[in-house]
Amino acid sequence: MSAPNNNNNNTTTTTTTSPSPSQSSPTLTSVASNSTTTTTTETLTTPKLQFVVRSKTNAYQEIGQQYGKNLNLPSYSNGDCRHVEYSKDGTLIAYVNLNEIVICNSDGGSVHSVINRPNVGMISFSPQNSFLLTWERMSEYNNNENNLIVWDIKQASILYKTSQKYCNQENWPLIKWTDDEVLAGKLISNEVHFFNGRSIGVLAKKIKLQDISSFEFAPATNGGPYKIATFVPEKGSTPGSARIYSYPTVNEYCSHLKFFKASEAKVLWNKKGNAILVHTFTDTDKSGKSYYGETGLWFLSQDGSSFNLNIKGPIHDVQWSPTLDQFMVCYGNMPSQTTLFNLKGEPLVDFGLNPRNTIRFSPNGQLLCLGGFGNLQGDMDFWDLTRYKRICGTQSHCAIYTEWSADSVHFMTAVLSPRIRVDNGVKIIKYDNTIVYQENIPELYQASWRPLNPLVFPNERIVYPSIQQQKESSPQPQKYTPPSLRNMQAAPPVVTSPPAMGAPLPSGFKVYLASAKSSSTFKPKQKPSSTTTTNNTTTTTTKPAADEPKRELTPIEKKIRNVERKLKEVEVLKEKLNSGEFIPPTAIEKINNEQKFLEELRKLQSEL
């Protein structure tokens, strides 16, 4: 294991350490360096951020010279490293070299174990870091068999091995574990085989399903049964299907859904593990409207409820909120539309029309990055989801890797080879577009954040950039000037009034409210009053509440009072929303229930 390469002449590094006003940042570090930012208030209470990069000649993690490198952390500079990967919780990191796999502790860099196995192509840690799954191409070394192996990480010994001729990133990992590693599953020829998670190979249960192509375990639930989602593609006149099973009663499904136009699909579980989104694809469009096939989106819950959003045009990206029972879809021809939905498929917020195809929620669910990558220009918008306000916009041309750090403050973009062979490198910015770190790395193949538990980071107060910061960080394209006019005196700048908090909203932005009539149409009962008329003057006096006879409310009257209270809360929330004040996403759900409250109130009043 070689020392970190600190003097790479082909590497250009740019760092910026000034944080936003009133914004403290956790320390940024890397596996080849422990860094200390200018802000130290959080370094004793929050973990250090870390990321890994791998290029043609180097595999290391680096943040910048002035942050202070940690030479105890591993680095490879001989070009032998073929892949690098963190464990699910970020405590371990594996370097896949030509002849071995070196597993190190992410914090100190000490070697945890070494697996002597050449030519490994893919690896995957089990959720609790008990096992490492590896796959290699069949060769003379493995006698063209037993190329899929489960290793005991501590002992670096083989626990299970079998043959697997084909493997790609879409179906990897080929063996999957539940979050607690109690149960494992593997797709084998029209069946899903389930094993004891610590005794792979001993069959416990199986699901038989003709032409099944994928399955996914639900996230961990507190003491509940394990749930499995399966997908079967359409075949001829037979529709595709998605099903939800509950282990161990896998002989029958809990809920199912059938659909056409689904030769492939991506199945996404929500955070509670009780509903899935099925993002379907086809290679061709029979209607002839697209060269790239057709897409669809279906919702299926464990209790059997389901719906299709009937979205017109391509679906570019779908993501569940990491904290709420909501999901977001980016869809339509360019400029595309991005919409936040609830579990009933009702739209909550439209984020406007823009050339975007990527959705990235921050781990704490308070921030959102909408980007346009791939064949788009790399434009990005950062949104405050606590107020539904656009914070700022920026660009990252040709970015391949885009992801939030665990602190929900920093965002990394990376231009990677071999897809893009020029301008390779990484850039780390804050949500207000403050550039924290930038490095050009020729022939960069990998870049990724170290996984950390987002709950250990405090939710920072969201700070909006000033007008001057927005102008400096996002320069506007210049108007073309003919050469004959370039020496002429420039026109004086146009003075504009300062915008309100946040960047301008895109065209089509909309927050949906319930279509019901305002609850102000409900008139609460007035207290008894007496009216007297003297000299054409009418005087109304209201008896003090203390003079009213007291009596216990009936159950129906108590329910009416409770509904009235909810309607008053809705009125307050609507006023806050209209005035641009803070309103959490959960409050939108309450506003949308206004019609339901009114109907309940009318029904209760009719029972009096």
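These residue numbers are counts, starting from 1, taken along the chain as shown.
Placed from the backbone N, Cα and C atoms, the Cβ positions cover glycine too.
Look at Swiss-Prot and you will find 550-608 tagged as coiled coil, backed by sequence analysis. The compositional bias 'Low complexity' feature in Swiss-Prot is assigned to 466-478, 520-544. The compositional bias 'Basic and acidic residues' annotation in Swiss-Prot covers 545-554. Residues annotated as region 'Disordered' in Swiss-Prot: 1-42, 466-499, 520-554. Per Swiss-Prot, repeat 'WD 1' is recorded for 115-161. For 207-255, the entry in Swiss-Prot reads repeat 'WD 2'. Sequence annotations record features per position, and here Swiss-Prot assigns repeat 'WD 3' to 310-350. The annotation repeat 'WD 4' is assigned in Swiss-Prot to 351-393.
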The repeat 'WD 1' (115-161) - residue tally per DSSP class, helix then strand then coil: 0 helix, 23 strand, 24 coil
Same-chain residues at least 6 beyond the ends of the repeat 'WD 4' (351-393) whose Cβ lies under 8 Å from its Cβ atoms: 316-319, 321-324, 328, 330, 334-340, 399-400, 402-404, 406, 408, 411, 431-433, 454, 457, 459, 462, 464-465, 470, 473-474, 501-509, 511, 580, 582-585
Summary of DSSP states over the repeat 'WD 3' (310-350), given as helix, strand and coil counts: 0 helix, 23 strand, 18 coil
Reported mean pLDDT - the coiled coil (550-608): 77
